[in-house]
């Protein structure tokens, strides 16, 4: 199959009729400053419209608003008016080719495209192309891992995935950002060729006017002075450079809004506001959690795919090794130091050794291993989830998922919680099995004359009743495991999902996840212990 670069005259990919995008009385505010005021215009159907503007003019905010990624009443951004695509009775969708590509690194190139196909706008119609065909059309290798693709290949994959979702309008977010002039021209050429072949309405938001004007059918200038989108006639394309230079020398709207918030008074008020808002959000999240975790998915196939991804992340081989080592350490130290440093050991040990073994077994099964294991799971696995979701948030994958009408709740939060529900009891049990095993070895080495049979007879006496097979307190231990696991997963998810402006924000999310998840686990154990051991002598 020929790639899009080859300009073959063979049969083109079937596409629907392109749709226009109409802005009616659109107003956008960033904090207290307007980016746009009462804007009315129509972006032509089936053509390339380039929106240019200086840094700080609000291009990214405009793009997110056009894509439907910004709520009307947000914390920092508010907008009003209407954004209409096509006719009023059509189901419309906007696709985005993100600046950072926003690919799903855990999926292969074929799976990335297949995800878009499975979440396309109209599933009642057969897709125009299969995932391998899309990769072939844009010259993307299918056997290379997504994270190992070159920058150009990732951009082609991002375009293929966006088009495979059958959007009415395709938005390009700074497609030539960070590229040299020659590579930027290649990207512009690719966009033009892709547009000509597939016929979608295309909107490019960029500051690189020198590269993108050559492929533009229309140019709109985002002017922060007049808070408007100014249409630039083709005869005046050359004047765009002068307009941007003029604005760049003045104060951009976004930069002005940012500096205005830097006074001490505003900073303190902002901290208090954020604390109260987050406190309210935490309370609301906790109350609505049972409803939020209901298992509803756009497609079961992709829910299972993400569940398996997080199950490997939470309960993979490294987690097994981590908990096995922890179990060996707690089993050895509890047995050795209890028996080794017993007061008046020569006299008391023969009298108390059977009760000591029973107490060690009880403590390991009901308290020590569950607490240690769930704390370590909260720290290790919670941090892993926060890092995974945080990278998705920072890299734009969360927003990419939303453009396919796939909510992060369905494909991230619920699979994460399910993975913890499965992995936490398994990992805790694994830690206990090895703690029990090393306890037997330790006792045998310290008391060769007694042997392991005596240990087995008394170690399990308060754990498994004689003739029984279900441990006493199994329900309590399981409840603690499940509660701690879900709490760790939910905290990691929400900390990772919080806004990310830099890699430091991802690091902060990981750190705060370790702090809050381990603290939450300790609180859960303390609260349960008040009832669990109430009737035990």
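Cβ from N, Cα, C; glycine included.
Listed ranges 288-312, 363-387; the one TrEMBL annotates as transmembrane segment is 363-387. Note on TrEMBL: of 411-435, 436-460, the range annotated with the feature transmembrane segment is 411-435. Model confidence over the domain 'ABC transporter' (21-249) stands at 89, taken as the mean pLDDT rounded to a whole number. When Cβ-Cβ distances below 8 Å are used as the criterion, the transmembrane segment (514-533) is approached by residues 366-367, 370-371, 374-375, 378-379, 382-383, 473, 476, 479-480, 483-484, 487-488, 491-492, 495 of the same chain, each at least six residues removed from its ends. Using a cut-off of 8 Å between Cβ atoms, the transmembrane segment (466-494) and the transmembrane segment (319-342) share fewer than three residue pairs, counting only pairs 6 or more apart in sequence. Long-range neighbours of the transmembrane segment (363-387) within the same chain, counting only residues 6 or more positions beyond its ends whose Cβ lies under 8 Å from a Cβ of the stretch, are 310, 313-315, 319, 322-323, 326-327, 330-331, 334, 416, 420, 423-424, 427-428, 431-432, 435-436, 439, 463, 471, 473, 476-477, 480-481, 484-485, 487-489, 491-493, 495-496, 506, 509-510, 512-514, 517-518, 520-522, 524-525, 529, 532-533. If one looks beyond the transmembrane segment (411-435) by at least 6 residues along the same chain, the residues whose Cβ comes under 8 Å of a Cβ in the stretch are 292-295, 297-298, 302-303, 306-307, 309-311, 313-315, 319-320, 323-324, 326-328, 330-331, 334, 364-365, 368-370, 372-374, 377, 381, 385, 389, 392, 398, 401, 477-478, 481-482, 484-486, 488-490, 492-493, 497.
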